[in-house]
2 protein chains.
Amino acid sequence: MDLWYTEQHSKYAQFSIKIDRQLASVKSDFQRIDVFESKGFGRILTLDGYLMVTEKDEFIYHDMITHIPMATNPNIRKVLVIGAGDGGTVRELLRYETIEHIDMVEIDEDVVKVCKEFLPFTACGLEDERVHLYFEDGLKFVRRKEGEYDLILVDSTDPFGPGEGLFTKEFYGNCYKALNETGILVNQHESVYYESYAVSMKRAHQRIKECFPIAKVYQAHIPTYPSGHWLFGFASKKYDPIQDLDTGRWNELGIKTKYYNTDLHIGAFALPNYVKEQLEDE
Amino acid sequence: MDLWYTEQHSKYAQFSIKIDRQLASVKSDFQRIDVFESKGFGRILTLDGYLMVTEKDEFIYHDMITHIPMATNPNIRKVLVIGAGDGGTVRELLRYETIEHIDMVEIDEDVVKVCKEFLPFTACGLEDERVHLYFEDGLKFVRRKEGEYDLILVDSTDPFGPGEGLFTKEFYGNCYKALNETGILVNQHESVYYESYAVSMKRAHQRIKECFPIAKVYQAHIPTYPSGHWLFGFASKKYDPIQDLDTGRWNELGIKTKYYNTDLHIGAFALPNYVKEQLEDE
């Protein structure tokens with residue numbers, strides 16, 4: 001059988017993965033959730049047809065959204081995770097003994113249900129007693145919070161559909177308020193290689209820069225995401241991700257990672273000129 | 001019209017680009033050469049169906065194969081380029097006034113002819129008086145040379161087809177001999193994300209390590225190449241690409257680049273753990 005999952009990365013480019021069979025297809029209140037089995041990439045989760053997680057390379061995204069802020073401030077105790085229904089971000093956070101409390105706010109309970117059943121490799125930590133799950137709009141949840149978190153991770157879908165509000169200035173302002181005086185905000189920042197993404201991410205970066213004294217962008221190689229050149233936004237009230245990185249201290253923790261290391265931490269912030277120009281140009 | 005160029009990146013993954021029309025299709029003595037026009041990526045060159053150059057992102061590959069060694073040793077005067085029929089590597093080398101002589105050895109004269117006609121954006125420097133073109137087998141050319149070059153750039157096709165010999169131990173040994181006592185060899189090193197490439201590149205890296213005292217691997221984000229996570233091999237008799245980099249000196253040259261910068265130079269050598277393990281594991 002010749003069955004292919006295809007995602008449009010732009011009007012002019014598409015990426016396709018050979019599929020063995022479909023494992024689940026759920027129409028939730030918010031989106032369509034599909035899970036596929038494939039030989040080349042293991043299990044695959046898509047939301048509204050957009051690829052979110054593959055078993056083969058999810059470690060790259062989850063390493064990079066988690067370990068960059070955790071290595072920058074080793075005293076992080078209380079974390080808010082928005083989105084991330086697959087559980088991969090929480091799985092990485094739980095590897096730090098210093099973390100006492102994780103609030104995870106996912107708008108779509110069905111995503112978590114599907115991932116618990118079909119993606120145990122990411123969802124494995126969601127039952128941990130340090131994890132507190134809320135099924136509601138992250139936008140509204142964060143509005144009620146003040147000075148409470150050391151770290152907020154925004155592991156959202158793309159800047160259209162259910163995740164749209166997570167790229168607004170109001171949201172970034174509320175994140176600032178919800179963080180304590182040393183707080184860090186990391187959000188997935190799409191890519192700038194294809195024009196449609198570039199415009200929205202330039203805008204998002206400008207909005208974050210207006211809210212936080214430190215606002216940088218870092219990159220990772222994620223082969224199954226559009227262009228494979230994925231960006232993350234690092235915003236912070238106090239800690240600089242390069243100057244305040246204590247490489248020795250992180251390495252002493254003995255956390256084994258498949259993608260992240262402290263040399264790469266520094267290298268990830270060294271963006272190509274054309275990416276810097278796209279982000280700065282307003 | 002709905003015309004798509006599709007490349008298999010593995011048995012289980014493919015990447016497709018929407019094409020406006022085909023501009024050329026030549027069957028040479030060595031391979032099939034095709035040029036396409038596309039809205040999303042500009043002009044595109046493929047050899048035996050494999051994507052070599054797109055107008056949209058060729059600057060990334062050509063920046064990274066050229067400026068990394070040139071910034072490591074600013075006294076490079078004589079260069080041997082093997083392959084690189086599109087001319088993009090020579091174009092970047094010619095931006096250095098210090099370079100006096102470039103020997104370019106391309107096995108397939110038809111590639112150069114096609115590129116001069118259809119890819120002027122890369123082929124623009126091939127008529128420069130510092131450039132000496134040889135249409136012959138790079139393998140045999142380098143065998144005749146001794147202590148002659150400051151730098152050899154191997155801008156080859158994949159490790160199968162006409163480029164196969166450029167990944168052998170005999171070839172790397174001859175490159176060592178053809179270089180002078182401060183010589184540097186850079187070669188395109190494929191990717192390790194998809195298994196078929198990983199095996200041959202691990203072998204190539206081991207062979208280079210047996211020939212050169214300094215042998216490192218660096219990476220770039222090239223969205224149209226398989227996985228988008230492209231590697232280059234840096235082999236050297238004397239200069240270390242990090243310790244001997246004089247960032248101030250390169251920046252004083254005033255060479256404007258769209259991808260390369262000296263921070264990224266350092267970051268490019270910070271490989272993810274899974275890539276390091278693939279390269280080291282034997």
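Quick reminder: no glycine exception, Cβ is built from N, Cα and C everywhere.
What TrEMBL says about this protein:
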DOMAIN    B:2-237  domain 'PABS'
BINDING   B:GLN31, B:GLU106, B:ASP137, B:GLY138, B:PRO162  S-methyl-5'-thioadenosine binding site
BINDING   B:HIS62, B:ASP86, B:ASP155, B:SER156, B:THR157, B:ASP158  spermidine binding site
ACT_SITE  B:ASP155  active site, proton acceptor
Cα separation, B:GLN31 (S-methyl-5'-thioadenosine binding site) to B:ASP155 (spermidine binding site) (Å, whole number): 16
Assigned element (helix, strand, coil) containing B:HIS62 (spermidine binding site), judged by DSSP: helix
Other C-beta atoms that fall within 10 angstroms of the C-beta of B:ASP155 (spermidine binding site): 26
Reduced DSSP assignment, B:ASP155 (spermidine binding site): strand
Those residues of the chain, 6+ apart, with a Cβ under 8 Å from that of B:HIS62 (spermidine binding site): B:GLY88, B:THR89, B:ARG91, B:GLU92, B:THR122
For B:ASP158 (spermidine binding site), nearby residues of its own chain (Cβ under 8 Å, 6 or more apart in sequence): B:TYR50, B:GLU190
Among B:ASP86, B:GLU106, B:ASP137, the most crowded of the binding-site residues [Cβ within 10 Å]: B:ASP86
Cα-nearest neighbour of B:GLN31 (S-methyl-5'-thioadenosine binding site) within the listed binding-site residues, B:ASP86, B:SER156, B:THR157: B:THR157
Cα-Cα distance maximum in Å, computed over every pair in B:HIS62, B:ASP86, B:ASP155, B:SER156, B:THR157, B:ASP158 that the record assigns to spermidine: 16
B:GLU106 (S-methyl-5'-thioadenosine binding site): secondary structure state under DSSP, collapsed to three categories: coil
All-chain count of other Cβ atoms within 10 Å of B:THR157 (spermidine binding site): 22
Those binding-site residues listed as B:GLN31, B:GLY138, B:SER156, and which of them has the most Cβ atoms within 10 Å of its own Cβ: B:GLY138
Inter-residue C-alpha distance, B:THR157 (spermidine binding site) and B:GLU106 (S-methyl-5'-thioadenosine binding site) (nearest angstrom): 11
Overall pLDDT of the domain 'PABS' (B:2-237), taken as the mean: 94
Rounded Cα-Cα span from B:SER156 (spermidine binding site) to B:GLU106 (S-methyl-5'-thioadenosine binding site), Å: 9
Distance, B:ASP137 (S-methyl-5'-thioadenosine binding site) to B:ASP86 (spermidine binding site) (CA atoms, angstrom): 16
